[in-house]
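Chemist: Grabbed the feature section from TrEMBL, which reads as follows:
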ACT_SITE  40  active site, proton donor
ACT_SITE  125  active site, proton acceptor
MOTIF     40-43  motif 'HXTX 1'
MOTIF     125-128  motif 'HXTX 2'
């Protein structure tokens, strides 16, 4: 199975992200848009794993979550990655990014011996769409699409499965762990 570790969004926050996505659709020419059910914040992509490896990853999430306190982020602004003439458009984040990067590093270090090498700089974001084609500049999209500063409470991390169902990409949590450093049990 194909897996990654993510922070899931509340249904209310998914609705706010969908509103932003709808605004971008009015400006861009075409693209493949993320389903509202698939909105999330990736912490670390792992790739294909077997059941045994999945259990190891769950144990790693247990260990990392015991050393991590809940924290807060906020939606920030539109951003993008570009490859040739196509873009991935996303919402960036602000808030306790130091805590977020530390969580990302803890997970990456704990999984380093077994997961796909990942030397890319971590850019936390919520993907709105891929293969986006623009007739205007990306600056135009950034200027025209306002992102509300909605709060994202980070108090759990999830191991997610990525699969195709009836031709559609579906992300499904297979294990979720509460961040509980400093909380009473």
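Just so you know, glycine gets a Cβ as well, placed from its N, Cα and C.
Note that TrEMBL annotation is computational and uncurated.
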Chemist: In angstrom units, rounded to an integer, how far apart are the Cα atoms of residue 125 (active site, proton acceptor) and the residue listed as 'active site, proton donor'?
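Modeler: Cα-Cα distance, residue 125 (active site, proton acceptor) to the residue listed as 'active site, proton donor': 8 Å.
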Chemist: Per DSSP, what is the residue count of the motif 'HXTX 2' (125-128) in each of helix, strand and coil?
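Modeler: Secondary-structure breakdown of the motif 'HXTX 2' (125-128): 0 helix, 4 strand, 0 coil.
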Chemist: I'd like the Cβ neighbour count for residue 40 (active site, proton donor), meaning other Cβ atoms within 10 Å of its Cβ, all protein chains included.
Modeler: 20
Chemist: Quick one: DSSP breakdown of the motif 'HXTX 1' (40-43) into helix, strand and coil?
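Modeler: Summed over the motif 'HXTX 1' (40-43), the classes give 0 helix, 4 strand, 0 coil.
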Chemist: Including all protein chains shown, what's the count of other C-beta atoms within 10 A of the C-beta of the residue listed as 'active site, proton acceptor'?
Modeler: 19
Chemist: Mean pLDDT for the motif 'HXTX 1' (40-43), as a whole number?
Modeler: 97
